[in-house]
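Enquirer: The structure that follows is given in the form of structure tokens.
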Amino acid sequence: MNTSTAISFVAALVLCCLALSANALQIEPRSSWGAVSARSPSRISGAVDYVIIHHSDNPNGCSTSEQCKRMIKNIQSDHKGRRNFSDIGYNFIVAGDGKVYEGRGFGLQGSHSPNYNRKSIGIVFIGNFERSAPSAQMLQNAKDLIELAKQRGYLKDNYTLFGHRQTKATSCPGDALYNEIKTWPHWRQN
């Protein structure tokens, strides 16, 4: 086997593994955490340009499905009540129980980053990530979710990744998580 063929083979193998990884991602539906129906969901047509990463700023995060579902339900209650959003603000929630939960989901406008809501997918990590980064599993789940969004046509191949602090004056998604996402291939300085 010549060098060119070997490189092509390795590249194909890597792409195959990435595709399998994203296809293996299980997204827990809204019904799994007892979501209340959205008041007036707004559809987004076509692929969006941005992924915005957040943290929920819960000091202890969650590690069991019961804890995570309760926290997600509380976030939705806060967003619909105190903040008067039509639904939970995020499109997806990455939780410490090793799962990804559907917030608003794909193809719906979030309420997580003013000026970017109509052109982004908002992903929140449950926990406070000022001093320590999320687990390797949480980080991989977010990467797999982003890959899945691209594969399904909800996210452009040349998307830009931002931390919430790049779209609004806030410390979100925490220094440790922000420093982590700055190493991801689509992160850009704005």
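Placement of Cβ uses the backbone N, Cα and C atoms for every residue, glycine included.
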Enquirer: Among Cys62, Cys172, which residue does Swiss-Prot annotate as binding Zn(2+) together with His54, His164?
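Expert: Between Cys62, Cys172, Swiss-Prot records just one in the Zn(2+) site with His54, His164, namely Cys172.
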Enquirer: Provide the three-state secondary structure of His164 (Zn(2+) binding site) computed with DSSP.
Expert: helix
Enquirer: What is the number of residues in the domain 'N-acetylmuramoyl-L-alanine amidase' (47-174) that are helix, strand and coil, as DSSP sees it?
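Expert: The counts are 38 helix, 30 strand, 60 coil.
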Enquirer: Neighbour count first, Cβ atoms within 10 Å, every protein chain included; then name which of His54, His164 tops the list of binding-site residues.
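Expert: Comparing the binding-site residues His54, His164, the most crowded Cβ belongs to His54.
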Enquirer: How big is the Cα-to-Cα gap, in Å, between Asn84 (N-linked glycosylation site) and His54 (Zn(2+) binding site)?
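Expert: Asn84 (N-linked glycosylation site) to His54 (Zn(2+) binding site), Cα-Cα distance: 19 Å.
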Enquirer: If you draw a 10 Å sphere on the Cβ of Cys68 (disulfide bond), how many other Cβ atoms land inside?
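Expert: There are 24 such Cβ atoms around Cys68 (disulfide bond).
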